[in-house]
Structures are given as structure tokens and as C-alpha cells.
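Enquirer: I am attaching a structure below and will ask some questions about it afterwards.
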């Protein structure tokens, strides 16, 4: 079986400089969903038909082992298939649309099985719409045999005769596909409609059937920003439902966004307004609170992420507590049982087990050991105006509040840093470092000031 994905439309209704099929749904381009679904069927060949002006699409498709066919002129879906026909080598052809990203492999498996089982020459995937749409309708005769497909723009009166809509997804034999050469130009739009192949094939005695195997939401085609938003919500609902069936609790399923590549462990609880993106992996029995965004990160078991925390390309080990209002920037590793508290920013740093930075700190380009206490207001001064430098803090160090550690610098294990210090040199093991100006009390000064 060959698969042909029709993606030559210019997508003018999207009002965008970006090609329609490259717009993203939960971080993934629309056409990637279709290609991945097609590839899961293990076809003999896969083709994508695009307009030559869509150079961005052609460049995007280079990462796939897929053949590109150019439709030199935008003359409609029939002309798009005609452009691909010389390159097809299989007796069966599955036709998909590049703007229908929610189609599932299970649906196509059933569709292909029915086509083969019933010895058909062509099959259509149909559905019964519940909302207003622009899909053509499938007309049947008194014996419920298919007669033709009528487009909503051309035959509005006839549409009252049928509520069965055409999804634009077909499987057909090569000899039926050849009939695309007989399709006439539509007088209203000047295009060649692939839907007209049905009436031609019926009149020639080919065996054709339509199967309503999918819900309307699965077959949504994206032509506008409103439909893009709708598809995002449908996919979100599908993903969240799947995770609930696997033992995840969502306080409000309609207010979370989870990318398809994310994984979540059992008994994790997720609050509203949470975004889990990229290749994020959440362990078991975690708590993800309101307003959290996690991207391309590993969160191990029993971790608590408190409100309004952002985590990017980082690794948090088990039983740690992060936030609220914390920011873990890329390449940060947080050890087991750590506490990274409110308004703490960590960047490109490794923090050992049991270490606490509870308030108002910046930790950048640092290597921090186990059981370290980092006082409120501590800053690793890692940038000298030209390049970044490393701070090393060994095990069991106590850093007092409002400390500046001017990198490169090392604090050896067991050392104490007095509050308000600026540390520029190595601090030896088990010693106290303090660099603040000695306190001076001027007796009676305030009383004199008030009398002035």
C-alpha cells in the first residue's frame, strides 16, 4: 500500500506567513501528526504532495524518509493526486489530508481491514457532524448504495438528503485512482475535485462503500486559527483522558496542557493551569501545583513542584520540593530531598542531596555538595562581563544570608560563611569566613538628628 498525503493548500485563511501544516498543536507541527500516523501503518511508500512555493514545508520534510511531490499549479485535490500518480507503485492507495492531525492509527487499521475484508474497489471514511462545517456530503440511493459526494458550496439543496459527511480520507485501488484523469474542472471554483471520482467510479460499476468509523473531533481539518485552537483542545482532552485512565488525578482536566511525548507516573496529582511540554517525564506520586510549566525535564518520584514554578531541561531527583516561584533553567540537576524555595533561580548547576536554598537566591554555573544550607539572598557572581566562572561548594557548608560568592571560588566542606559576606577567595575546610565591615555604633546620633 502507498500513502499519499495531500498538503498543497496554501492555507490563506490562517492569515499567516507560515505554511498552514507547519503550525503547531502542543508543540508538534500539524503535518507531523499525519506523517507519524501514516508511518505507523508500514506502507510500501509514503508521499506528500505540496505546492512548490512551500519551501519551508519541503525543508521540514527532509527529516522524514518520505517522498515529496510538487503540485505545480493549485488546481484542487484531484490534480494533487494526479501529480503523485506517476510515482505510485502499489495496487492500493491510502489518501490522507495534511491538515487532519487527530486521526488515529486504530481508526485507519479498522478502515483498511473493512476495505480488504469486503473486497472493495474504494472506501471512504465518513462521519456524522454535530456542528456546522464545510465538508461534502455522501449521497446514497434507495438501497443505501453510494451515488456520489456533493460539495457544500455547490449543491446546498441536495445536502438536506444526507447527514453523512465525507472526511476526505480514502483507500482505493490503482485502477480507480486512474479515473482521476476523467474528472472535469468545477465551473464555480475552476478546480478539479477529488470527490468527483466517486460518481465516475460508481457509474463504471466499481464497488464503493463509506464507513463512519470516527467521531467528528478526530477528523477535524484545520483551515483557520479557530479550528487550530479547537484541535488543540480535542487533543488535550484525549491526552488527559488517557492519563486519568492510567491513574493520574487532574483537579480540572480542561485547564492543563500536556504534550503527546510527556510521560506521567501513577498517583501523581496535577493542579489547573499546568503546562507539561517536550520530553518531560514525571515520576510516581508527584504533586504539580498551579501555574507550573515544565519542559524537557525529568521529575523523579515523590517530588512536589509548588505554584508558579518554571523548569526547563533539568533533572529533579526524588522527594525534593521546588518553589513556589522558582526557576530552574537548562542543565540544572537537583539532588534527592532538596528544597529549592520561592524566588530561587538555578542555572547550569548541580545541587547535591539534602541541600536547601529556601529563599531569594541565584545559583549559576555551580557545583554544590550534599546537605548545604544556602541562606536567603545568596548570589553566585558567575559573570565577569566577558565569560562565566564556576562556584564550588562542598558538603555540609553553611552559607549565611546575603552572601556574594565571586566566581571562580571554592568553599571547602564543613565551612561557614557569615551573613553579608563577599567571598572572593577559597574558604578552607571547617573554617569561618566573614568579610563584612565591622559594625560601628554612634551613641545619641538618632536623638540629635530628630532635634534638627
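We number each residue from 1, going along the chain as drawn.
Heads up, the Cβ atoms here are built off N, Cα and C, so glycines get one too.
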Enquirer: Suppose a student reads Swiss-Prot and sees 376, 382, 383, 419, 436 listed for acetyl-CoA. Which of 349, 401 should they find annotated at that same site?
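Expert: Candidate in the recorded acetyl-CoA site: 401.
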Enquirer: How big is the Cα-to-Cα gap, in Å, between residue 419 (acetyl-CoA binding site) and residue 362 (UDP-N-acetyl-alpha-D-glucosamine binding site)?
Expert: 16
Enquirer: Taking only the Cα atoms, work out how far residue 76 (UDP-N-acetyl-alpha-D-glucosamine binding site) lies from residue 401 (acetyl-CoA binding site), in Å, as a whole number.
Expert: 69
Enquirer: From the binding-site residues 99, 382, 383, pick the residue whose C-alpha lies nearest to the C-alpha of residue 362 (UDP-N-acetyl-alpha-D-glucosamine binding site).
Expert: 382
Enquirer: Report, as numbers and ranges, every residue of the chain located at least six residues beyond the region 'Linker' (226-246) whose Cβ falls under 8 Å of a Cβ in that stretch; write 'none' if there are none.
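Expert: Cβ under 8 Å, 6 or more out: 14, 23, 25-26, 101-102, 217-218, 220, 253-254, 256-258, 260, 264, 266.
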Enquirer: Any idea of the Cα spread of the acetyl-CoA site, 376, 382, 383, 401, 419, 436, as a max distance in Å?
Expert: 22
Enquirer: Whole-number Å only: compute the distance from the Cα of residue 223 (Mg(2+) binding site) to the Cα of residue 20 (UDP-N-acetyl-alpha-D-glucosamine binding site).
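Expert: Distance (Cα to Cα, whole Å): 7 Å.
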